[in-house]
Amino acid sequence: MDPVNAGGACQDSYLSSVMASRSFKASKSNLSSSSDLQDSQHGKPPLPPQMTFARRTSSGRYVNYSRDDLDSELGSGDYANYTVHMPSTPDNQPMDSISQQVEEQYVSNSLFTGGFNTSTRAHLMDKVIESETNHPQMAGAKGSACAIPGCGANVMSNERGNDILPCECDFKICRDCYMDAVKTGDGICPGCKEPYKTSDVQELVQSRQPLSLPPPAGMSKMERRLSLMKSTKSVLMRSQTQEFDHNRWLFETKGTYGYGNAIWPKEKGFTNGKDEYVGEPVELMSKPWRPLTRKLKIPAAIISPYRLLIVVRLVVLGFFLTWRVNHPNNDAIWLWGMSIVCEIWFAFSWVLDQLPKLSPINRATDLNVLKDKFETPSPNNPTGRSDLPGVDVFVSTADPEKEPPLVTSNTILSILAADYPVEKLACYVSDDGGALLTFEAMAEAASFANIWVPFCRKHNIEPRNPDSYFNLKRDPYKNKVKQDFVKDRRRVKREYDEFKVRVNSLPDSIRRRSDAYHAREEISEMKHQRQKADDEPIESVKIPKATWMADGTHWPGTWLHTSPEHSKGDHAGIIQVMLKAPSDDPLLGSSDDGIIDFTDIDIRLPLLVYVSREKRPGYDHNKKAGAMNALVRASAIMSNGPFILNLDCDHYIYNSQAMREGMCFMMDRGGDRICYVQFPQRFEGIDPSDRYANHNTVFFDGNMRALDGLQGPVYVGTGCLFRRIALYGFEPPRYKEDHPGCCSCCFGQRKKHASSTPEENRALRMGDSDDEEMNMALDPKKFGNSSFFIDTIPIAEFQGRPLADHPAVKNGRPPGALTIGRELLDASTVAEAISVISCWYEEKTEWGQRVGWIYGSVTEDVVTGYRMHNRGWKSVYCVTKRDAFRGTAPINLTDRLHQVLRWATGSVEIFFSKNNALLASPRMKFLQRVAYLNVGIYPFTSIFLIVYCFLPALSLFSGQFIVQTLNVTFLVYLLLISVTLIMLAILEVKWSGIELEEWWRNEQFWLIGGTSAHLAAVLQGLLKVIAGIEISFTLTSKSAGDEEDDDYADLYVVKWTSLMIPPITIIFVNLIAIAVGFSRTIYSVIPQWSRLLGGVFFSFWVLAHLYPFAKGLMGRRGRTPTIVYVWSGLIAITISLLWVAINPPAGTNQIGGSFQFP
């Protein structure tokens, strides 16, 4: 027998789902059955029926379970409407807690795979990585060996790593054997031969854990969740300890235990104006209500002159263009015509860019108030357990070769160490490439988090990305007061260095492991053929070269040597719970936990899940937007955090309290109308001069602050905290179609009947009060056929509401509503998550159209934010004192141009789509619409810009200029336009906080990008729209840098691309034109010095903007400086002209005449 396959086979347990026509039971949802009938009538691909599970036990038998069997067996401990307040008896508490703990441990140790027309399997993994797993929350964590003869499996363990033993005799038994004993052995313990007793019940009573009554017959798990939410909304809920709270009962009801209550509510209690009891005593509400955020207005001494200058420059531009139109250059009408068209467009483009900047604002948060409201003991929350809502963090990656796993691992570690309640935080990593390298690097990160996360909490480390922290240039010991910090830091640094080596060696390790297992497989197959063939000749064995996991089984994702069903575009869906959900209460460490003393430090880790959605040929997977939507659905099933933070794999949390800062806006009064909080993008590894404006501070500190004063900033793809319900396509609460905004006559907020709203602009309604439920347009046509997912939507909406701690807070939730612990994961839940990430799930639904991230554009981020603003939502820009997130940006010229090309291509696609701001709904404010219109129009400026860059050269070649003569009127207009532009830049620098040099770098790269990437994007868009032809601009050659020690070596790497042709042509044409213009003027009988000066001035203006581009092509630090080439060319031209002037050609007596200037 093959030892490799035998070892994997004995660990597999399968969750097989029969793929036929689907019909959910009525107990699940009435919506589901009706939707399946509709789907079958419309020819939708068959979906799974009621899911059945087959689990292989240690004895080799398969025991079948239905979905409801699992709910009744493993989910009987789910919270219901009632709580047992007295010690329970064995007849009503049959071992539910042990079953749940065992099931959760089983789920966290299993790799779930499945998809369309494939069975859903849960592969119980002996180990996830080759190194030892030492954290009890991590997948593959080992307990003691099972005592059943011949089993050899491991006993499940709890959050502290202690064995879970269901019997008082402490007989060690694994999960499968325990399930065998319960289902087929009449509940007899194999050790003491006595029926299993409920010792766990007594332990739970002593530890004050929740004990719930058995659920009503026929009630599914999600219906119990909904009943929990409704009971929570009625304010009569359990306390932090999960026992009956007498104090809260006194405060929140009219009940009494007699005299002597310190605070007693009045006859009708505290209401919110609708005869609804809020549950907070009047004496407590008499304290002043403190907001979580506040607006900081720009000083009038800055903003008033800024607005005045905008008006002045607008007037000057109007007069200037009028004068230009009325004074053509009749000697060169073609030159005048091109220039006037370009100038009119530039004026229009400037207006579109400047108008949204009329009302910039700053904002500030108060984290102390957030702590007081949500994490301080109060009558509604006696023990002070966090009442903050849950946050699901999404990290997306697609290719481990382009996105190094070490970078992704550091991002994950910064998330796991974030300063947010551990039990409320979940991290989901989307691996769109399905690579084993990413999977094992993530497992290594989860293992290293065992020491890194408590170390950060113990010593308050910032930043919590280990790579960035250990590479800090400043003193790491500043403000550190604990005596053991130096010793701890040294030990963690050594562990991190070993972690880096393990991650960097993973590619070779996986390759060697796969080769070894493949060789064994071939040898085994050859032996098998010899036994069958006897003396016949043996044919060569051809076995697909698989990629093998650490436990000796095939990787279900993409193989190193691709084969059918194991390639980037063809593999099963995969979900692995790397770190199971933590316990609700802090788990304090001790001096015996590891190499560092973590006494009194919470050592829990947040939930960490690996997700790789299913991919199959013939399906449009919609790139990153499709991957994000898959995460939205999977996370709703598994944790359902009402808020979602999405990060790119190279953007890590630099400020551990960033999520708290964002939550201040979401939980403040009126925060339920905020769809997302956008943080600025900050970058590391940029060259000190920021040659190509990579920091992009003009946009992030200027434009985005200005949009914050309107309806909110645009969504820029990463570093954004979303309200989950807004992603689902709902409109904001309390929004009325006829609700007029400020200056409705000017800003487009006019009453309009709902029936005239285009379909793509219509949004789903949600209830405006507790009595008004969400409109149940929640049918599978919009969200898909998972009733489990649909049931999570109202829960996410309720949990995302701000606290109803003041009469002015509308649509709020009662304090203490979110102190109840989250449910344990079971196999049926993860199996449902596998089904919602299948490639067929979005068929004939509105995912990508009105729900989730929007498809159809390479800049799906801008379109997604636009759709939310179009429904009436607002967004907020959160600039923190310490940068919230940091990432990397390309410093190479070609990489930067291709990045800009992708953005510009998306803008062109937006302009030619139904997402054009000209088609926006009346809910969007006028100036917000102008800002979005500019997003779609700005690439078209490149057409006029490249023409205008050639105009100085054409002027010098022809001896003409855009005006007849350089008269005083033209010069005055030019001076006024230039001076007002400079003054506006200075004031913009003042209120935005950027530097003047950054503004100038931005102007330079605006021209570089406008004459290269933007022009290419317009050509791409026009060819795609008109002819349906798609073209791409790729790298054709590369000259690599050879200085490994240089942090900025990539800055000097030259990669040729066709995008460079227009700027290079502009540079050479203008240089030649300057030489030709000087020569013609010098040797002309009547020199036209005014025309020469005009042409030369504008040529130098063009060349000054293109200087970084030329420097990128020619310069390299440590070798010949770029300035040498520039000055060499200028000196050569000057000397040549002087020589011709001194020694003119024969027959020439005069070299230029006198200088004349009008």
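Any Cβ shown, glycine's included, is placed from N, Cα and C.
Since the structure is predicted, the reported quantities are computational estimates derived from the model, not experimental observations.
As written in TrEMBL, here are the features:
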ACT_SITE  D432  active site
ACT_SITE  D861  active site
BINDING   S396, K402, E403, D432, K623  UDP-alpha-D-glucose binding site
BINDING   K624, D648  Mn(2+) binding site
COMPBIAS  25-40  compositional bias 'Low complexity'
COMPBIAS  89-99  compositional bias 'Polar residues'
REGION    25-60  region 'Disordered'
REGION    76-99  region 'Disordered'
TRANSMEM  300-321  transmembrane segment
TRANSMEM  333-352  transmembrane segment
TRANSMEM  931-954  transmembrane segment
TRANSMEM  966-987  transmembrane segment
TRANSMEM  1064-1086  transmembrane segment
TRANSMEM  1092-1110  transmembrane segment
TRANSMEM  1122-1142  transmembrane segment
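Annotated features taken from TrEMBL, shown on the structure.
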residue	record	contacts (Cβ under 8 Å, 6+ apart)
S396	UDP-alpha-D-glucose binding site	S430, D432, K624, A627, M628, L631, N646, L647, D648, C649
K402	UDP-alpha-D-glucose binding site	none
E403	UDP-alpha-D-glucose binding site	T397, C649, D650
K623	UDP-alpha-D-glucose binding site	D432, V858, E860
D861	active site	V714, Y715, V716, G717, W853
Can the transmembrane segment (966-987) be said to touch the transmembrane segment (300-321) if we require at least 3 CB pairs below 8 Å and skip pairs under 6 apart in sequence?
yes
Give me the sequence-ordered set of same-chain residues, not including S396, K402, E403, D432, K623, with a C-beta within 8 angstroms of the centroid of the UDP-alpha-D-glucose site's C-beta atoms.
T397, A398, D399, G433, K624, A627, C649
Residues S396, K402, E403, D432, K623 [recorded UDP-alpha-D-glucose binders]: greatest CA to CA distance in Å:
15
With contact taken as 3 or more Cβ pairs under 8 angstroms (pairs 6 or more apart in sequence), are the transmembrane segment (931-954) and the transmembrane segment (1092-1110) in contact?
yes
Within the same chain, where does the transmembrane segment (300-321) have neighbours whose Cβ lies under 8 angstroms from its own Cβ atoms, ignoring anything closer than 6 residues to its ends? I mean 6 or more beyond.
340, 343-344, 347, 350-351, 354, 357-358, 360, 973, 976-977, 980-981, 983-984, 987-988, 990-991
Would you mind checking how many other C-beta atoms are within 10 angstroms of the C-beta on D648 (Mn(2+) binding site)?
22
